[in-house]
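Structure, as structure tokens:
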Amino acid sequence: MAVFATQRLYIGGGYVDATSGETFDTLDPATGETLASVQQASAADVDRAVRSAKQGQREWAALTAMQRSRILRRAVDLLRERNDELAALETRDTGKPIAETLAVDIVTGADVIEYYAGLATAIEGQQIPLRPTSFVYTRREPLGVCAGIGAWNYPIQIACWKSAPALAAGNAMIFKPSEITPLSALKLAEIFTEAGVPAGVFNVVQGDGRVGAMLAAHPDIEKISFTGGVETGKKVMSMAGASSLKEVTMELGGKSPLLVFDDANLERAADIATSANFFSSGQVCTNGTRVFVQRGVLDRFEALVLERVKRIRVGKPTDAATNFGPLVSAAQLHKVLGYIESGKQEGARLVAGGKRLTEGHFAGGQYVEPTVFADCRDDMRIVREEIFGPVMSILVFDDEDEAIARANHTAYGLAAGVVTENLARAHRVIHRLEAGICWINTWGESPAEMPVGGYKQSGVGRENGITTLEHYTRIKSVQVELGPYQPVF
């Protein structure tokens, strides 16, 4: 029997039944227990959501920027008031440790909405003089109806990241969460409605990739913001362009390098590498999974990482002491185990982990040990391909130029990091790394103020930061003539 009632769609400010007649189950990754049956949206449901969004968007855009800002701030207050209950729901649906969801997922999502609520009143145009009797002014106008397609690793945070700039700029958003973690986006919809966001301005349509394709191809949607894998992102981008030349934002995969130089504080470097690989059980798109270590400090670094891996507390996500939970699904577990086996077969040396955990309370869950491979080569699958799990690959390098060249030798370009005590080297290397998000002597923080996104096949456009708000508007140019019109004929 499911823990929660059947989950419906959220359209027009309230819950409605899907017309498809289809449902799917969402499971607790820690136990395998069915959390809820979720209704699958049909094409008719997507059309209904679009009609609702168009109507709501007109009302929302007609408000002043200050009015929109106040409503979004009320939503922030509600998110923070309900942080603990939302974190508990997110833990059940994703398998993340409660210590993590309490401190990160809802907190950072609320921060982003608060950030854009503050920027809503700063949207402005320009005045451009042409001559004494004529000038141009520009207006930044909302796009209209936008769609967000979320990933399963940060369900409510991603919903906040995508909806905040869209709504602040006067748009409506139809959001499709991942079918693997579909619960918390509905709670965000409830909160937006309670805060005073007009009906239809934030709709949630549940379902698998068919629903994402419907959104990408819909002619009345002006923009798609997608978070997920590269291959799916390419399909979404193709459909978005072919249907109506939609604007797109793509936050895709990565195989990010972390460079540890021989002058680094190795204790700090080991802390950074461990966090960059095992936070959220390694299910983070920016993970620094390719750890390049300068030869002279390789053995010491490896020993320090092993010390830290031994301190990781794998356990029930609901236990406050746990800091490493299960993978999100059986499919993800088997994918990760397949990569671990590949690493062994290709000759990498297993330093730590590598096995599924099945004893005791791990029996029903999707648990795998934090895994570290050393003696890795650039041509190994575990080094080349995104695993999206707790698998660290340690590689050795001799000099700066070599490290940079190898770090950049990838189709991805999402994130990169450098650990060194040499300030000049830190900036010199970072400036040559082909990645959109970079860290020096730290890893992983993505505050609301910081634009995040990738180079190469890791994405298009950015999320967060001022620049993202601009991409949820379009510019209208208006020329005004104060003098007589000069006829051509």
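The backbone N, Cα and C atoms fix where each Cβ goes, glycine too.
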Notebook entry, point to check: For the NAD(+) site that Swiss-Prot gives with Gly150, Ala151, Trp152, Lys176, Pro177, Ser178, Glu179, Gly229, Val230, Glu231, Thr232, Gly253, Cys285, which of Glu59, Glu385, Glu386 also belongs there?
Noted result: Glu386
Checklist line | Same-site K(+) 1 binder from Thr23, Thr26, Thr31, Thr249, given that Swiss-Prot records Asp93, Ile180 | finding: Thr26
Checklist line | Farthest-apart CA atoms of Gly150, Ala151, Trp152, Lys176, Pro177, Ser178, Glu179, Gly229, Val230, Glu231, Thr232, Gly253, Cys285, Glu386, residues recorded for NAD(+), distance in Å | finding: 23
Item checked: Integer Cα-Cα distance in angstrom, Gly150 (NAD(+) binding site) to Lys162 (active site, charge relay system) -> 9
Next item on the list: Using C-alpha positions only, work out which of the recorded positions Lys162, Leu245, Glu251 is nearest to Thr232 (NAD(+) binding site).
Entry: Glu251
Check: What are the other residues, in sequence order, whose C-beta lies within 8 angstroms of the center of the C-beta atoms of Thr26, Asp93, Ile180 at the K(+) 1 site?
Finding: Leu27, Leu35, Thr94, Trp152, Pro155, Ser178, Glu179, Thr181, Pro182, Leu183, Val328
Check: When you measure from the Cβ of Glu251 (active site, proton acceptor), which residues in the chain that are at least 6 apart have a Cβ under 8 Å away?
Finding: Ser225, Phe226, Thr227, Cys285, Val452, Gly453, Gly454, Ser458, Gly459, Glu463
